[in-house]
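Before we start, here is the structure in question, set down as structure tokens.
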């Protein structure tokens, strides 16, 4: 009986390591897909930005989205996946559920808000003046304007199903969106598989 009980913790430990490595690889691959400007469609002459595929389960209309606040001397500290001021545009099929992983590599706290915008760009330090808050990752409805996840932390959320329309992804902390920390999300009946473009 002693031999069996000493094997069980080893097996459990190995399984935990395998799962941790698999999750790490999955998150890294999503990050690379959305942060690199590499194309899924490039054939010599280009008429616009390249499409970057986003992981998707068509059987249950679920989009798997990773948004990273990058910490680099090459990017604005108010960024999503190294982009700012709406240059990241994400297209998803209308009616999709989005499982979002939000990672903050920057030293300042940040959060991620899905905003059904009433303005084309963030106009006010307080984001609720720019539209209707649909959901929040990394804060709550009572503290999104001052709280977020700290550097090195991550948070996850589930949004949707998201109706057809134009939305913004913004950091809700006062002034962050107006400083460029926003991207565009378009939910459309004409989109069959999610993708992103970086202008």
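All positions are counted from 1 along the displayed chain.
Any Cβ shown, glycine's included, is placed from N, Cα and C.
Quick paste of what Swiss-Prot says about this protein:
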- 7-27: transmembrane segment (TRANSMEM)
- 79-188: domain 'Plastocyanin-like' (DOMAIN)
- 110, 171, 176, 181: Cu cation binding site (BINDING)
Please identify, from the binding-site residues 171, 181, the residue with the sparsest Cβ neighbourhood, meaning fewest other Cβ atoms within 10 angstroms.
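With the binding-site residues 171, 181, fewest surrounding Cβ atoms within 10 Å: 181.
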These are the binding-site residues: 110, 176. Which one scores highest on other Cβ atoms within 10 Å?
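Compared across 110, 176, the most Cβ atoms within 10 Å surround 110.
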For the domain 'Plastocyanin-like' (79-188), what's the mean pLDDT in this predicted model?
96
Where does residue 181 (Cu cation binding site) sit in DSSP terms: helix, strand, or coil?
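Looking at the DSSP assignment, residue 181 (Cu cation binding site) belongs to neither helix nor strand, so coil.
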Does DSSP give residue 176 (Cu cation binding site) helix, strand or coil?
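SS state of residue 176 (Cu cation binding site) = coil.
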Which three-state DSSP class does residue 110 (Cu cation binding site) fall into?
strand
